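Written out below as structure tokens is the structure these notes cover.
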Amino acid sequence: MTARGPKANYKLGRQIAPYLYLSPSLIVVGLLMLLPMAMVIAYSFQESAVLRPDTSFAGFRHYRAIFGDEVFWASLWHTLYFTVASVVMHMAIGLAFALMLNSDRISPMLRSVLRVLYILPWLFTQVIIAVIWRLMLDPNGVVNSILVDLGIIGSKVAWFSSVETALHAVTFANIWAGYPLFMVSLLAGLQGIPKDLYEAADIDGATGPQKLVFITIPQLMPIIVSISLLDFIWTMQVFPLIWLTTGGGPIYATEVLSTYTYKLAFSQYNLAQAAASAVTILLISIGLTLFYIRHQKAR
Amino acid sequence: MKTRKAMTVLKGAAAIWLLGATGALAQTTLEFSQWWEPELPKGSLRAIMDDFEKKNPDIKVTLISGPYATTRDQIAIGAASGTMSDVVGLDGAWVNSLSAQNAIADMNPLMDGSGFDESQVADIIEIDGKAVMFPVASFVYPLFVNLDFAKEAGVSELPSTRAEFLEAAKKMTNADENKYGWALPLSLQSPSSVLNDMMSWVWASGKSMLADGKPALEQPPVVDMLTFIKQLDDAGVISPGIASKTEQEKVEEFVNGRIGMMVDTLAHVNLIRERNPDLNFDVVPMPVTEGYDGKRGLTYASWGIGIAESSEHKEEAWKLVQYMMSEDVNARLVSLANAFPGNVNAKPDFVNSDPVFAKAFEIFQEGYLANEFTGLPEAVDLMREFDVETQKMLEGQQTPEETAAAAQAKWMEKF
């Protein structure tokens, strides 16, 4: 047996120290994130998970059940439509408003007022947004009234109750709620673009649209990609807005993965299948997150 | 002197320790989770608990209160994880699942052990021979009619049959003025409308949606009800936005004079009066099929009470349940809630003081309480499946017969 010398102890201490500093965060992350995740993954492979103490291994039965359910595939499609449309429109509206707020052609006073107005949707919780849009898009609501008065629609439309319009209506509400994130981020980016780039373009005789396409957008691209990826991940998981406006209906017209999973868990009390559905969402989210991390590293 | 003082302190401490150890000072804290407190006048349920604590100084009650849906989710999670409160407020739609999980206690041994008089309670909900829930308060669902609306529309007699209802609804409807005869809130967020606004038509005529405890949705009572709903929709008498309308919105439409009739709980009478003190309305029994003159089934929902199987204080929990079901306390609670009592001897005071409640009490006494969803497996999901199929019918995707057949097939998977 050899005694460890003070030098060896010091070396060991130096090696362990970073982990000791990190340990509080690692413990918190482990307990609050990794453990629940591991438990949900385990439930997805159990028979009668959680509900009965005598559970047994179910293999991939629950995954086969949800992948064989046409409502799951409809939910996946609705989730994709809802997410892609929301992200694209968030970006377009966010960019348009950011350009407007960054423009010297608008008076500083008006810009300040618009800045407050445009950011308002961000201040509301999803529950409030759902209530606002339920009232606005009610068959007797203000939107129908305006559209009928303008002659755009012939009769009142039950936006959230019709199979044809419900998914578009919830997507619209989500677009309204989410564009300020893009607007604020892009506005910060716009203010960081060097003025001399535009001055050089002016000397070269570039038009406004050309400056937008060849200077502004390329300069903003890192922000656009980062925020789009984050927005994609967040929008995919939206639950309260859809639940409180349509409940996933009419029929299954606005069923998305989050409402599908919720119904499995709290309406059917099929927690094992709900876990399998949740793990599927997790895998999609992990895929997107890895893409995001790779993009961040590349930057 | 100092030693004597110290000894006295020590003796006192030892006596307190001894009392605590022998249980003389031991106090049991019961958790009671329910959604009733927010729906009752502020502080009234706490006052009932305070009186219970005075009568039982060794028991403390902690109320865990939240909205209905939150309480339901909490109980579902608590049942799964074995952390349910000792005493729980229950809905009849939940008890089958909770019993299957062995999460709610059989109260039969507790009743036997305490010599409880079963004849004093209006109903005991049993699953597989286990007494799992007492309805503490029952909220009946008659038909509410806006009398001024009806008079304006030329409806002289309030409807008593389905045909009369359709006629009255047609007269009341004027789409250009946003006025409609009836509302059907089929939002999937909370599909209880299937119970309140749809199956109530079946039960009113003394019929059933079950046969030998199994779904019988393809039988005439349910198919006829679906055909009738389709007829109402085709006639354009139902206010638009059916598939996303919630129960609250239905009540709002009635309060604002946009619909002439609705099926609703008596518990909303005070709310309706608060929101629109000038609204002139009455309650009538649910209309029945032509020629039916038997007793009418009156849809009800109840505040039920039960004990968690995982509770370590079942004896104390049973004391609280007994207290809530006792004649005086039950009368006090239902008077506050505008509900009908779970104790047959309890007399709520509102029956004598309010004409609408007096009328409802008459309807209650002339008919019988009906809610066939109580005790069914995954009752909320059964309602949701039926709701989806009804929405398909109203979208024109299937006939009432196909709707009934599709719902029957889905329901049979649960039985």
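Every residue gets a Cβ built from N, Cα and C, even glycine.
Nobody curates TrEMBL annotations by hand; they come from automatic prediction.
Among the features that TrEMBL reports, domain 'ABC transmembrane type-1' is placed at A:76-292.
Nonlocal intrachain contacts for the transmembrane segment (A:20-45), taken as residues 6+ away from its ends with a CB within less than 8 angstroms of a stretch CB, comprise 57-60, 62-63, 271-272, 275-276, 278-279, 282. If you look up TrEMBL, you'll see A:20-45 (among others) marked as transmembrane segment.
Sequence-distant contacts of the transmembrane segment (A:80-101) (same chain, at least 6 residues past either end, Cβ-Cβ under 8 Å): 111, 114-115, 118, 167, 170-171, 174-175, 178-187, 189-190, 212, 216, 220, 224, 227-228, 231-232, 235-236, 238, 242, 256. Residues or ranges marked as transmembrane segment by TrEMBL: A:80-101 (among others).
Residues annotated as transmembrane segment in TrEMBL: A:113-136 (among others).
If you look up TrEMBL, you'll see A:142-160 (among others) marked as transmembrane segment. Listed as Cβ neighbours of the transmembrane segment (A:142-160) (distance under 8 Å, sequence separation of 6 or more from its ends, same chain) are residues 134-136, 166, 169-170, 245-246.
Annotation source TrEMBL lists transmembrane segment at A:172-193 (among others).
Feature annotation from TrEMBL assigns transmembrane segment to A:213-234 (among others).
Summarising the annotation, TrEMBL assigns transmembrane segment to A:241-262 (among others).
Residues 37, 40-41, 43-44, 49, 62-63, 65-66, 72, 226, 229-230, 232-233, 236-237, 257-258, 260-262, 264-265 of the same chain, all 6+ positions outside the transmembrane segment (A:274-293), place their C-beta atoms under 8 angstroms from a C-beta of that stretch. What TrEMBL lists as transmembrane segment is A:274-293 (among others).
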Going through A:113-136, A:172-193, A:241-262 one by one, which has the most CB pairs that fall under 8 Å from the transmembrane segment (A:213-234)?
A:172-193
Under 8 Å between C-beta atoms and at least six residues away from its ends: which parts of the chain pack against the transmembrane segment (A:113-136)?
97, 100-101, 106, 142-143, 160, 169, 172-173, 176-181, 183-184, 238, 240-241, 244-245
